[in-house]
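Q: Pulled these features from TrEMBL for this protein:
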type	residues	note
BINDING	41-46, 171-177, 204-208, 273-276, 362	GTP binding site
BINDING	45, 177	Mg(2+) binding site
């Protein structure tokens, strides 16, 4: 059989694919790659959203409509959870005229539900009932999404036919991450580091236990790990087993990835996130010492004091920071090194590594902007030093 033009179509397609792969690899090798890690509900996806706001063009109308559905789902999950807990915790509705609203919500099938005006009306009535507010104050006893109060306070607005989510609404919205997400953006390089711009690739992976097996797929070539911690979760347990303390789970995960041989050449930055919720909890009387007994002996250093700031909140956030910084100072003995299946035992010593901590509120764009200016400069500095460029 003769082949027209002397070129086999399959061979032509194969060469085109090779060319595309080669171009992609060049881009991949040029980009600075940041990996977001952390337990579920720590704020990783919110950071991705902030990068879209800060470095791309925000959210398209199509994305806003998609987020509107997430917001409705968040309201539904929040009010259903709170209403179910009325009977579980033995808390009665204070206003008996809300019984019909309670019966309506308890009969909802979330898998097949149409959002009607009746739903928003009943939800608003229940949310205002002192009984539901009492249940909300006991949220440490059950699982409730962080954004419940934010959106339940806005039920009337969200229920309007012409509702269009604001940027803050989008940042507060929650959807479980079940795949690997990637965002690309450019960052200007300060003149003191040579000027120009650099391409950044940021990867977000699911944080629940069932999703962590996917993490290793994106470990290759990562220059920096951004590890997010929900600092406010010291009094909560994880969804997966309803037993393990959430903050302890984050500490355990951090220890695992810090000692991973696949990330031994990566810089680490820890975001102690949800500082707004942490401060609210501490100033309302909740104490981390009820869950971490060693807190009783922890003393706040003078360098960590901030004028006009609640001292117990400062002590709590710094205590959490020290939990992670202590791990970053641990030495990894050669015999503890993991080995690849069938491969030799790695006995090489680990060189000094850097780890930095920041206190963040991922839903606060200004806070994230300020912190990321430091983070970007830090990563650029790390990369220049790796190729032998002296940086002061």
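Quick reminder: no glycine exception, Cβ is built from N, Cα and C everywhere.
Because the structure is a prediction, the values reported are computed rather than measured.
I'd like these features described in context: how deep, what's nearby, how far apart.
A: Around the Cβ of residue 41 (GTP binding site), a 10 Å sphere holds 25 further Cβ atoms from the protein chains shown.
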Q: Taking each of the binding-site residues 44, 206, 273 in turn and counting other Cβ atoms within 10 Å of its Cβ, which one has the fewest?
A: 206
Q: List the same-chain residues at least 6 positions away in sequence whose Cβ sits under 8 Å from the Cβ of residue 171 (GTP binding site), in sequence order, or say none.
A: 46, 49, 50, 362, 363, 365
Q: Here are the binding-site residues: 45, 174, 177, 276. Which has the lowest count of other Cβ atoms within 10 Å?
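A: Minimum Cβ neighbour count within 10 Å, taken over the binding-site residues 45, 174, 177, 276, occurs at 276.
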Q: Can you grab the distance from residue 174 (GTP binding site) over to residue 45 (Mg(2+) binding site)? Cα atoms, rounded to a whole Å.
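A: Each residue's Cα considered, residue 174 (GTP binding site) and residue 45 (Mg(2+) binding site) end up 8 Å apart.
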Q: Measuring Cα to Cα, tell me the gap between residue 276 (GTP binding site) and residue 45 (Mg(2+) binding site) in whole angstrom.
A: 18
